[in-house]
Each structure stands twice: as C-alpha cells, then as structure tokens.
Amino acid sequence: MQRSPLEKANFLSKLFFSWTRPILRKGFRQRLELSDIYQIPLSNSADYLSENLEREWDRELASKKKPKLINALRRCFFWRFVFHGIILYLGEVTKAVQPLLLGRIIASYDPDNKVERSIAIYLGIGLCLLFIVRTLLLHPAIFGLHHMGMQMRIALFSLIYKKTLKLSSRVLDKISTGQLISLLSNNLNKFDEGLALAHFVWIVPLQVVLLMGLLWDLLQASAFCGLAFLIVLALFQAWLGQMMMKYRERRAGKINERLVITSEMIDNIQSVKAYCWEEAMEKMIENLRETELKLTRKTAYVRYFNSSAFFFSGFFVVFLAVLPYALIKGIILRKIFTTISFCIVLRMAVTRQFPWAVQTWYDSLGAINKIQDFLQKEEYKTLEYNLTTTDVVMENITAFWDEGFGELFVKAKQNNSDVKMSNGDNGLFFSNFSLLGTPVLKNISFKIEKGQLLAVAGSTGAGKTSLLMMIMGELEPSEGKIKHSGRISFCSQFSWIMPGTIKENIIFGVSYDEYRYRSVIKACQLEEDISKFAEKDNTVLGEGGITLSGGQRARISLARAIYKDADLYLLDSPFGYLDVLTEKEIFESCVCKLMANKTRILITSKMEHLKKADKILILHEGSCYFYGAFSELQNLRPDFSSKLMGYDSFDQFSAERRSSILTETLRRFSIEGDTAVSWNEGKKQSFKQTGDFGERRKNSILNPLNSIRKFSVVQKGQPQMNGIEENDDEPLERRLSLVPDSEQGEAILPRSNIINTGPTFQGRNRRQSVLNLMTRPSISQGQNMFKTGNAARKMSMAPQSKLSEIDIYSRRLSQDSGMDISDEINEEDLKEWFFDDVENIPAVTTWNTYLRYITIHKNLVFVLIWCLVIFLVEVAASLVGLWLLEDISFKDKTNGTNGANNTFPVIITDTSKYYLFYIYVGIADTFFALGIFRGLPLVHTLISVSKILHHKMLYSVLKAPMSTFNTLKPGGILNRFSKDIAILDDLLPLTIFDFIQLILIVVGALIVVSAIRPYIFLATVPVIIAFIMLRAYFLQTSQQLKQLESEARTPIFTHLVTSLKGLWTLRAFGRQPYFETLFHKALNLHTASWFLYLSTLRWFQMRIELVFVIFFIAVTFISILTTGDGEGRVGILLTLAMNIMSTLQWAVNSSIDVDSLMRSVSRVFKFIDMPTEEPLPAKPTKSLKKNQLSQVLIIENEHVNKENNWPSGGQMIVKDLTAKYTDGGNAVLENISFSISPGQRVGLLGRTGSGKSTLLAAFLRLLNTEGEMQIDGVSWDSIPLQKWRKAFGVIPQKVFIFSGTFRKNLDPYGQWSDHELWKVADEVGLKSVIEQFPGKLDFVLVDGGYVLSHGHKQLICLARSVLSKAKILLLDEPSAHLDPITYQIIRRVLKNAFANCTVILSEHRIEAMLECQRFLVIEDNKVRQYESIQKLVNEKSLYRQAISHSDRMKLFPHRNSSRHKSLAKITALKEETEEEVQETRL
C-alpha cells in the first residue's frame, strides 16, 4: 500500500478533501488494485483503537460491580462526538435564517416597499453566503461523525473477537456462529451508519423552538396548526411503519425458507443432479418465491404510500398554517413564500430527523447492551499445570457439558405426551431423555507414563472426545484431578484448515525446523501430494481447505499436531478419511516410529491399533469399561467387541446416555463444525416450530437458519429474522418503532433527507441492501449518498426549495428506500463472508444491460411511456398556471387594485396575490392523484421483472454443467439468490422510479424557467454538463473502491468463522495472539478501503454542492438585476432555482444509485447466460430428410422407449473414458476401459485422491467426459441426460438431506404411496427411527437433518436408491464415520434389495471386499488393475501389505477347510518382517 497524502495535507486540502484527487485520477484512468489503496493512519488502526477501548473496559470491570460499556466508549470518544455535534448544529441553524432573507428579497420588490429595493443585492449576497457556510460546516461534521463511528466499530470488532477466543466451551454451547456474525455485522453497523443521526435528538427540539418563534412572528397562533398536522403525520407514518413490520415479519420467514432450500441445493448440486431432482427443487423454490412475492408487493405498496404521504403533506402543512391567519387578517405573498420555506424545514425536523434520532439511540444502546452482555460471559479457564510432570494422570474424573441440559426436553415431553405409540415403546424419541444433567464422563481414572501410547475406544457417544477435551481444559471436571505438563498438541476428528499455505498450516506459527518439517511431511504421506501442486507447499489453501480431498485435509491436520514439540499428543480419530493402505503406513511410520518417545492418546476403533498400544481404555456410556493392556482385554472382557465397535444400538441406550450423546453431538457442531447450536435458558427452549413455515411444517422441531445451515432452538411464534436466536429480553424486531420500517435507522447512513447539506430537503431514504451486513455504512448526504455494497443507500438530502413542496415540480412520489432485509435474510446471511465475490463486470453498467432489463417484461416499456405522458400533462398544467400568473400580474399593474375596501379577506389586493397563488396551486394539484398512482404500475411491473429474472436464473443454475460449479464458489452463487434478488425486489424498483421522476422534474422545471427567464436556462446548461462530468469522473473510482471494500470485508468474517471452527486447536497450540494479529490485519485492510471510499464520496458531494452554490449565485443576481416590480416573479425564480439544482443533484446521486444497483442485474444476467448441460443428441452425419426429426431433438434408443425395461440387466461397458473437471483443464481420468457383467459387484481401490469418486461422477456425466459408455447396449450419446442418470441409484459420500419432511426427502416428486414408503423405510431400518418423531413421515427435517445420526442419513440415501428401482448402484464411501450397526444394515440391504443389481463400491473397510467379485485399482488417473481380490492379495502388491494376516484369512475362509491347504496358503502369505525403527523419532 502507498503512503496516504492525508499525512502531508494542509488545512484547506483536508477541508475540501482535495487530498483524494490522486486516487480519483488513477481510478478514472485505470483499474484500481489493492496496492493502490492508501495506508491507514495510526488513529484508524485496529491495534491502537482496540488497545484504548480494552484499557477503558478493563478499568470499568475493575472499578464497578455492574460495568457499563457505554462508559468505556464515552471516555474514548465523547469530546470528539460533542465537537462534531456543535459544528453540525451550526450548519443546521443556517436553514432557519435562509427563509428570512428570501422573504426580505421578495418584499423588496413589492411596489409599496421600494425603499428596500437598494438592499436586495446585499440580501442576495447574504443568502449565497449562507449556502457557502452551510457547505463548509456540514460536510466536515458529517465526515467526522462517520469517521468516529467507523473507529468505534473497529474497536468493538476487536474486543468481541478477543473475547470469542476466550469463551468457555460451556458458553459456546449457547452461542451459535450466526449470533456472533450478527453481533459483529447487524449491531455494530449502527455505529458506522447512525452516529451522525444521534445529535438530532437535541438539535431538532432547539430547531423547532427557533422555527416556531419565527413562524409566530409571521402568523401568530395559526402557525401551531401546521405543527399539529406534522405531529399527526408523524404518528400516521409510525402506524404505517408498524404495518410494514407485520408484512416484513411474515415475509422474512419465506425469504429465509427459500434461501435455506437454495443454499442446500447449491451445496449439494452434485447430489441434486445425480438424483435428477432439478425439477423438484425448482418447483419447491418457485412455490416459496411466489408466496414471498405476494408479501413483497404488499410491503412495497405500503412503503410507496408512506413516502407519498410525506410529500403530499407539504401542501397541507402550509395551507393549515396560512389559512387561519389569511381568513382573519389576510396575507401577503411574501409571508406565503417565507412560510413555505419554514414549513419545509420544520416538516423535515419533526417527521424525519427526530424519529430517526430517537430510533438510532434506541438501536445503538440496545447494541451496546448486547455487546456488554457478551463481553461479560464466562471465559475459558486455563488449568494449572506442572511442567516437571512427565506422566498423564486422571483420578476419579466426573464431568458435565451442561448441567441444565435436560431442561431442553421439557416441552418436547409435554408436546409428545398425548401421542400414542403403536409399537409399545416407552415414549417418543425425545421424551426418553432425562430431565436432569447426565455426566458425560463418570469416575474415569488412568495413568500413562512418558512415551506410552494409550488407545481410547468405545461406541458412539461413549465420551471419547470429551475425554480429550477434559485433558485440554475445555471441559471442567466436577470431581477428580488431572495431572500433566500442559505442553499439549491436538489433532481434531474433523480436519481444520486455516486460509493460508500448506506450510503455514503445518508450522502454525511455530519456529521453522527444516529437518523436523521434512520428517513430518514424510511420515504423514504428504510428499507425493505436495509434489503435485505447482507451488508445492507454498500452495494457498482456501477456507476449510476446499481444494483438498478429505484425506489430504486429515493428513495436514495430523502433520500440524505432530510438528509441534509437545509432551502429550491428543489424536481424535485422525484416520477417518484415509484409505486402508495410507492409514496403515501413517500409523506405523508416524504414530509408532516418529512419535515413539512421546506420550500419545489415540481415539480409534481399529483392532490393529489396539494391539500395538501400550494401554487401552474402553469407554461405555461415559464410564471406564476396561483399562489395561490388550493381552488382558480378551480374558477379562470377552464382550469387548460390542462395546468397542458400537454393536449396542443407539436406540437401546439408556435415557440418560442418549441425552449425554446428543449434548456432545450438538456441542461439537457448535464449535468445530459448520453448524452451531443456540441453547437458550428456560422458556426459550421450545420444540414448536416457528409459524413462518406454515401448516405443512408445523411438526418441525428446529428452525432453519440461512446460508450456512446454522440452527437454533426457537421460541414458539417468534419469526427468525437474523437466523439466530435472541434472548427474550432482546427481541428480533424492535419493540420501539418510531420510524416506519422502511426508514428505520438500523442500517442507514445519514440519508438524503436527514442531514441537510443541500439547499432544499425532501425526505428520501435508502436502506442497506440485503447483503451488506459487513461494516459497510454508506454515506450519502446532502445530496449525498452513502452506499453499501452494490446497493447505494442515500443519505437522503432532498432539495429544500422554498416553493418546491407546493410547486408541481417538487411533488415527488415515494422516495422510500427498499427496506433493510439484512435481518430477514441474514445472508449476507452468512455465506458471503466465506467468499470473495470478485466481479468481472465493468465499473459502470453497460447500456446493453439497461436495454435488456427494460425489454424483459412486455409491459414495462408501456408503463414508462405512460409515465412520460403524465409528465407532459403536468408540465402543460404548470405552463397554464404561469400564464395565469403573468395575466393577473399584468392586470394588477395596469388596473391597480382596491382590495383594501373589499369585504372578503382572501382576495387580490394591492399587497396580496393570494388568489393567484391559490389558482396556481389548484391547477398543479389537479394532477396530484394521478401523480401519486403513476408510480404504482411501474413498481408493480419492476417486481414482476425481478420474478422473471429469479426464475430464469434458477433454471440456468439447475441446468448448468458441473464444470461451472467447479469454477464458481457456492457463496458467490448464493449471493445472487439472496443479495442481488433482494436488491431487485426492494431497492431497484423505487430507485428507478426516483431517477425517472427526478429527471422529468428537472426537465419540466427547466421548461418553466425558460418561459420566465431564458438567461437562467443558459446558466443551467454548463452546470448540467459539470454535474454529468463529475458523476462520470467519480463513478469510475467509487465503484472500484466499493468492490475492493467488499473483497476486503470478506476476510474479516471468514477469519472469525475459521477461528470458531478451530477454536480447540487454537487453544491447544496457544495461537490466540497470532490469530488476533491476523484479525487486526484483516480489519486494517478493510478500513483502508472503506475510509478512502468515505473520503472520495465526501469529495464528490462537496464538489456537487459547490457547483450548486455557484449556480445559485448566478441565478440570484440574474433574478435581482432583471426583475422589476412584482414580488411573485422573483419569488418563483429563486425557489425554482434552488429546486432545479437540488433536484439535479439528487438526480445525479440517484443515477449513481441506479448504476450501483444495476450491477446486481448484470450479475444475474451473467448467471442466466451460463451454458447448460448438453442434451447430447446423436448428431446425424448426413443432411436430414423430410420426415426425419429435427437435429435439435434427442433421438432416443429403442430399448429406452420401452417403459421400465431399461436398464434390465445392469451391464456396463466403458471404453476410453477420459474426464476433466473443467473445459481445457487437465484430465483427472485417462483412457479408462473395463466392462461389468449384469449383477456383478465391483469395488474401487486406490489411495486418497486417486480418482475413485471422480470415476463415479463420470458415470453420471457430471464431468466433462470423452469416450464411450453403454448400459445394456444403450450408449449415453443416444438418450437424454436425465434418463441416463435415472439408470443409477446413488449413495454419495456427502449425504444430502434438504429442509423438508421425511416424505419429501424420500420421494420429492410424490410418486409413491405411504404404504410403499413405509415398506422401504422398514427394509432399510428407518421405520423405527421415523416413528419416533411427531408427524412421522410429515416431520420436517431442517439444518441438513442434524437431529439424525450420520448413519440414519445414509439410510435415507439408501432408501432413495431402493425407491428409484435402479439397476446400477453407486456407493461412494458409504461407511465413512458410520457406526457398525448402520454399516451392517447397509450391507444387509445391498444383499437383499440389490441382489440382482450391479453395484460399484468405493470403500475403505476391509469387510466391504467380501461382497465384491472384482476390484478396479485406480492409480495416477488410470486403471492399473481390474482383478479379483484373491489375485490382488496373492500378488506382491501394496494392497497385500495393507491387509493384515487375520483379514486375509477372512477373505479365504474356504481355504481353511484342511490343515494342509491352510498351512500352504499361510506360507504363501507370510508376514514381512518389520523394518527397524529409524532414528527420526520426535
């Protein structure tokens, strides 16, 4: 990064933001890179800010029993906050003085007041100076407040992250990842965005007192009629806001539900295509979308009328304020114009600024209280260790994960108590759990000496992982003692990879030792894998190691644990994803040799590992079932195999034990996995599903969170808005809502109508887009816009013209913003934070995108034409009013008046043009109703356009080839369906209407001005050109800076979630300070982009303001110098001048809004234009004859046309099969050829990453394939792709359970009856499981079916294959992490239901070999062997070495029938002698 010019900038450069010119110039000429961003000053660095706030917070904790976070913030930021507030107040006060000067200028042209004509020029100079002063005061004040809000957010970000790394595991049980993300994004945005609004809570009352005093001087008591109307209006809009909140709550559940299904579809797109579920998923999502859009339209209409009511009120405020005075005393034109100006300012203060300020304080204090509660939660307590201790000793250890856990099931028991069990079971699945805490470990005692290997075994839920957590200090013992040195290294069961290089993941901040590093790489079998990467061990891995296979991730995690020099190594099932050969080699070379001198605790279920262990600990239901050597085990515990291998079914566990198992499972999800649990105390723990899911989901237990499948227990009837669970005293929606929903300040930066930097103010509001949850405040004010993400949110500075609200040109319709649905979708709910959504689209939206958007709906063009016609009618009405004005004025001059003798107070007199004004307003308002309703068809049609684009994009994604998904990131795809569709639904319709209307207003005003003073028109032309040039100049840079900021925002949340996933590993390695440093670097990188964007935006807004001031000076003096007698004309000229330029400023800002939002349309079009999967017809080699089918049609094979007859046998022939993940990529399979007979079972063998799963995907045509494949004589080129895939039954490695009922998960197309479903469920062992849930087949599974075990999920996949009636079954490592009971069920079903089917199995378990007749050995992307298992083992191959002697005996039981033959075979299979232990031990 470059040094910032701000460091050397002088006062004027800082005042006018001129120091940003270099980056603006560079961004205009070329594409900006991260290296072009300026370094941040020390005052903005995360280290500096967090240190100051942390010091004050520690001081607060030490000094008081009830510490207050707001006191710590006050000591850090108070005086700067006050200073900027005073400057802001002075800028706002100038608005009250402007109407006085305007009134004096108008009065000076009264024929009866020629004395003041000589000072008109000085009054004009004063009016212009007021605009200059306000510009110089407001822009620095607003920038300073947002800068300070950014600093507060940074400091709190750091404080929360540091606290997260210290939280105890018990607290983490109760906090989901979604809650932490929401705490950082939604809540902390309030500081970034709302700080400038906070001062209006005291500025507005002072302003109202001042304005009412001035109005009293003009109108006496009648002025309070206008104020009363404004108060009523504010209450009415608050009521409309409540209506919008109701629609929002109802809509939130549908949006959430749609995004959950969409996210699951994207994450499991390979399974969706393998099952041929594209149509089912499309229908499911479109049904949810239809319901969502009905509520979207209702919400848009209410927002539209809410904003229209605000503008409509302009006439009535003035009318009610003037009418009583006019009826009693009569009124002169000067007072009317002055009153109009005062009322505009007063209306803005009462109905906009004050409610927003109160709402901001309410939200900000609520956020501070949430953060304060979080910072006071229980911390992880480091155990006291004795560094001289060499042994590991545990004495009578008993521990609980959560002593109050049983309360969770109270309501489940109540809800299920009235359900009768037909099979006589003693209760439902959840009603069997104990209501008391169950210890996860009970009376555990053992001692391990230095250098010994302890193997820990046990069935599922026995407490194995909890034992390691106890040793690490993550689980506090309630009884007993633990002794060890404290120098621990840890390898978790679920591999954790941090973003960084392979070397960084292994070294993990420890000092680099070349010899040790190479030894570990070799022992963990990583040499060959690393050599295949172009950058070797400097290859950068994404979050979670997404580019690696499961086995590679597992080996890197193991290497990290071993590289650290520790006294005790804790290895939690490190071999789960490894093939037989690799597991054997790593266990021997790494665990037994390299670490021979170290104390090791290994969790395993392999008999070979137990035999080589020095000590064995078998846990059963949390208790010690056996402790000792293997030689003692068989004698003392003959039934050890059932306890070890888990043959005691989960369903047969005691109620207490099942409670403990589920506790541990959920806890593990919340810390190490992608999912998280939110346990809330007491009354929050309900098993009723939220009403948003509708009647068909009424039996569900859990509420789905959004994009990354978080889950939480939800309160009955409370919609999930953030996708996280809040406490009862912290509702998801505000209980106070003074501001209409669409205008609440939760995610606003000062909007265009809030901080009035422009000469005129008309309320307008833009809310944060759905996916702008990161620290992305947006400034737009004065005529400013603060934008967030791709959705620009306006600071809402509307013109504050004097006559603008009464004059036809100022009567704008709803400028209401799209509501902030970040709470609803929580997308950016969480996926965006994992993925850099780098765009390859131009910095400015192309004209082709606009044209395509307009023409995608046939009615849109006609609606736009209709709006134009209405505009022309209004302009005509305005010209008629001007004609009347000129006519009456002329008559006044020639005939004089005798109004003083008239008996009616409201007539045209020599001092009054009230009647003229009345006619003018009346004619203009003739078209008011038409003006209000003219926007509704446009908004309605644009929402319909959004519906069409969503449908087209969903279809394109479902039909896209897998090669597309191999190049796109899931988070980027999900962003299109969440963030961009939300923009199309909420922000874009009203923003486009704003832009169209504002442009028409400017054009109409110019026409009227030209009719009065052509000189002003000539002055307007260069200003319009300057505006357009400034916009083009700024837009090129601002869009690039926003993109860089968006990319810099991603690593912040990625780092947080990554840290949470690997929290146990971080603590075990003591790497918290290292990760805090990385987090601060991510914060600083984002701050650099965001601060520069704020500064350049302020540069643009100030230049726009200065251009306006120059224009207004010109208009003022042209009006004063060229106008004779007649105050009406000069009044109209000045008010129209302010109105034209403020509206033009607004239009320029609105055009930037539209350009930003249309980038979402560009991205959607990019997805719509994705290539689709080829139908792969047989291309005719000759020209088609008359009766032949068109070349575009698929000519189906005659065998396939016979229903249910193909495939009949399951014979497969593969010839020269080559597969690639992407077009032009390297071949991952080369020239594969083999054949499989009908009903034959074939096993796939090969090292991890050799291509076994790839081959199965190639069978389904999920890759780019070349070559020939036939099933029962039918080539895959001769039939539709969907029909080809339906020939296969699939049990994928990644289990796919989408949010829906059991019935939908088994049969999404609804083809089978309940009888058939129950029959298949019984056949695969699922019937007893499904019957335990309320609703049975109609029970709704959410969050990937997390309430089911992994084995149960596999059985659902197996049931799908049975229902598919497929003749060929593909199984991709179905036994990975399965308990033996489920595995035995799968084996049984394969023997029975698929007895006559062809089965292709990729498996690591030796037992699976017994079921296969032949094996396909894949090595280096090619088929190395295709033989029977007997031949593979007889040969001197690697697989012979991997299979133990006892397993080889299992493979050939018939060879043991006679002693002679057996001895001969045993001699042939003689074990190799073990190599000597190398001197490379750690």
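Positions of Cβ are set from backbone N, Cα and C atoms, glycine also.
Taken from Swiss-Prot, the feature ATP 1 binding site covers TRP401, SER434, GLY458, SER459, THR460, GLY461, ALA462, GLY463, LYS464, THR465, GLN493. Under DSSP, GLY458 (ATP 1 binding site) is assigned to a strand (E or B) in the three-state scheme. Around the Cβ of GLY458 (ATP 1 binding site), 25 further Cβ atoms fall within 10 Å across all displayed protein chains.
In this view, GLY1249 (ATP 2 binding site) is surrounded by 18 other Cβ atoms within 10 Å of its Cβ, with every protein chain counted. According to DSSP, GLY1249 (ATP 2 binding site) is assigned to coil rather than to any helix or strand. Per Swiss-Prot, the feature ATP 2 binding site maps to TYR1221, GLY1246, ARG1247, THR1248, GLY1249, SER1250, GLY1251, LYS1252, SER1253.
The annotation domain 'ABC transmembrane type-1 1' is assigned in Swiss-Prot to 81-365 on the grounds of sequence analysis.
Sequence annotations record features per position, and here Swiss-Prot assigns domain 'ABC transporter 1' to 423-646 based on sequence analysis.
The domain 'ABC transmembrane type-1 2' annotation in Swiss-Prot covers 860-1156 and is backed by sequence analysis.
Marked as domain 'ABC transporter 2' by Swiss-Prot: 1212-1445. Averaged over the domain 'ABC transporter 2' (1212-1445), the predicted model reaches a pLDDT of 79.
Annotation comment: Swiss-Prot describes ASN895 (among others) as N-linked glycosylation site, evidence class sequence analysis.
The annotation N-linked glycosylation site is assigned in Swiss-Prot to ASN901 (among others) on the grounds of sequence analysis.
Under the heading region 'Disordered R region', Swiss-Prot lists 654-832, citing similarity to another entry as support.
The region 'Interaction with GORASP2' feature in Swiss-Prot is assigned to 1388-1482.
Here the topological domain 'Cytoplasmic' (1-77) has, by DSSP, the following mix of helix, strand and coil residues: 54 helix, 2 strand, 21 coil. As annotated by Swiss-Prot, topological domain 'Cytoplasmic' applies to 1-77 (among others), with the evidence given as similarity to another entry.
Taken from Swiss-Prot, the feature topological domain 'Extracellular' covers 99-122 (among others), and the record attributes it to similarity to another entry.
What Swiss-Prot lists as topological domain 'Cytoplasmic' is 147-195 (among others).
Each residue of the topological domain 'Extracellular' (217-222) gets a DSSP state, and the totals for helix, strand and coil are 6 helix, 0 strand, 0 coil. Taken from Swiss-Prot, the feature topological domain 'Extracellular' applies to 217-222 (among others), supported by similarity to another entry.
Taken from Swiss-Prot, the feature topological domain 'Cytoplasmic' applies to 244-298 (among others).
Residues annotated as topological domain 'Extracellular' in Swiss-Prot, with similarity to another entry given as evidence: 320-339 (among others).
Geometry remark: LYS464 (ATP 1 binding site) versus GLY1251 (ATP 2 binding site), CA distance 33 Å. Under DSSP, residues within the topological domain 'Cytoplasmic' (147-195) fall into helix, strand and coil as 42 helix, 1 strand, 6 coil. Note on the topological domain 'Extracellular' (217-222): residues 321-325, 328, 335, 338-339, 342 of its chain, located 6 or more positions outside it, place their CB under 8 angstroms from a CB of the stretch. Put simply, GLY1249 is the one of the binding-site residues TYR1221, GLY1249, SER1253 whose Cα lies nearest to the Cα of GLN493 (ATP 1 binding site). Put plainly, the binding-site residues LYS464, ARG1247 were compared by Cβ crowding within 10 Å, and the winner is LYS464. Across the fold, the C-alpha of TYR1221 (ATP 2 binding site) and the C-alpha of GLY458 (ATP 1 binding site) stand 40 Å from each other. Per DSSP, the topological domain 'Cytoplasmic' (1036-1096) is made up of 58 helix, 0 strand, 3 coil. Here the topological domain 'Cytoplasmic' (941-991) is broken down by DSSP into helix, strand and coil counts: 47 helix, 0 strand, 4 coil.
Contacts of GLY1251 (ATP 2 binding site) defined by a Cβ separation under 8 A and a same-chain sequence distance of 6+ are given as VAL1228, LEU1229, ILE1418, ASN1421, in order along the sequence. Across the structure, GLY458 (ATP 1 binding site) and ARG1247 (ATP 2 binding site) place their CA atoms 27 angstrom apart.
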